[in-house]
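Report on the following structure.
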Amino acid sequence: MDTTMLKKTTMLAMTVLGTLHSKLALGGEGPVEFGSLWWYIYGGLSMFLVCFAGIMSGLTLGLMSLGLMDLEVLQRSGTPVEKKQAAAIAPVVTKQHQLLVTLLLCNAISMEALPIFLDKMFNEYVAVILSVTFVLGFGEIIPQAICSRYGLAVGANMIWLVNILMIICWPIAYPIGRLLDYLLGHDDSALFRRAQLKALVSIHGKEAGGYLTLDETTIIAGALDLTEKTALEAMTPIESTFTLDMNTVLDRENLGRIMARGHSRVPVYSGGPQNIVGLLLVKNLLTVRTEDNTLVNDVPIRRIPKVPEDMPLYDILNEFQKGGSHMAAVVAVKSGRRKYTKRSSVGQQREGRKGVKEYQSPEADVEKGGGSAYAHSSGGGGEPSAPASEYDYNGEKLNQHNHDVAEGDVIGIITMEDVIEELLQEEIVDETDEYIDVHKRIRVVTAAAHMSKSTSMGRRASVPNIHMGLSKKAQEAVQKGRIDAISHLHADKHHQGKKSGDKDLSERLLGTSFE
């Protein structure tokens, strides 16, 4: 039964096509009679060709304007409908030249066939006028106007037709498409360069009518620029850094200098500031008594990592995130050393020099004595530090390649705050900063500290709260000076054991929180 129906349908189609061919071949008979069967057949075919040409023209603009990057963005961040539509279109758009040839070929066939049928309905002058009007209006302008705005939706809904046409036109479209791929190559402009991304972000700022705030655009631009900036651009020069000699006596005067600076970490040098050997945590001075004339060398000193001056800030930020230290010494690069390249694996810095601290773990401190470095944790031990993984920035042995970094002169100090400032592209000023920009020597506006009398009164009123939980002797020491208070706190710990009061005062004096 099905075979019989198929044969009848095939014979009917062949009969219609044969009759149509004979009618078209008789060009000398002139237009067919208006209202006849063939007049309506020609009219229907003409309307079909105009609509088909319009669809091909619209799909050419809509699909070819959708790049692979646009579809990838829609698949990741679009609405559920957009994700589905982009996923349907992506396989076809990857064959750009074959798709282009298919759509243009079908469009050209429709355009060329339309005048043939119009000539059978009207005289040649009317046929030309109608052909141009229909092709321009319904075959070009309207379809392209719609698909330029709704290209994704139209392309997704018509993708089945595109697949069929690509199969039908494959013998012609595939070879031409491959030839164009060979001659012109594929479109590799999908990815944006950094400058293009920055321009794209600025265009989406509120000043340009977008939705991104000034802070958002500034931070994004700073993140894009951070990979090009090095430690040399963000560091604080060593001559502008507060440092301590390892042989400095921690008497009342020197402790006062340290406290007045308000730093939580102070670099320690041996011989000169260009030879930084470690890092002093100011909180460790809580147990130091001024009358003991303790040396800086006698206080536990943490290891400080050393980085070359041409090390990118992103790599420095990654090092800080490991938790070993939030401060690093920037070392001048010796002439002739190959330029720093991004490290390929996670490594640790290790300097084997006498008196120079090693960078191993967040818990390890350095206690110098007898001319050698020893690592100890909170549990003590006094054992020599275990060897760390000896990798340099290029994934090679540190002693083979990075020896010049370890032996170079320190030219500056870089901290986590310096990197964050470059990321934000703004200076972070706290209550202890003297300069907004150390490099340009721009001082902090002193008027900002006195913007409100009520704020100042509030600070004065809050000072007596520091005395809570302390002995009378410690309270009197606070009135005389901060440094004596630390010494008396050390004595109070043995007599009263009020740890909560000691911790509270320590946090207030040092401006840090002890976990």
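Yeah, the Cβs are placed from backbone N, Cα and C, and that goes for glycine too.
Summarising the annotation, TrEMBL assigns domain 'CNNM transmembrane' to 35-216.
Over the domain 'CBS' (235-295) the predicted model carries a mean pLDDT of 89. Positions annotated as domain 'CBS' by TrEMBL: 235-295.
Per TrEMBL, region 'Disordered' is recorded for 340-395 (among others).
What TrEMBL lists as region 'Disordered' is 490-515 (among others).
Here TrEMBL flags 37-66 (among others) as transmembrane segment.
Marked as transmembrane segment by TrEMBL: 124-143 (among others).
Per TrEMBL, the feature transmembrane segment maps to 150-173 (among others). Away from its own ends, the transmembrane segment (150-173) comes close to residues 55, 58-59, 61-63, 65-66, 74, 82, 84-86, 88-89, 92, 95, 98-99, 101-103, 105-106 of its chain (Cβ-Cβ under 8 Å, at least six residues beyond either end).
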Helix, strand and coil totals (DSSP H, G, I; E, B; other) for the domain 'CBS' (235-295): 22 helix, 22 strand, 17 coil
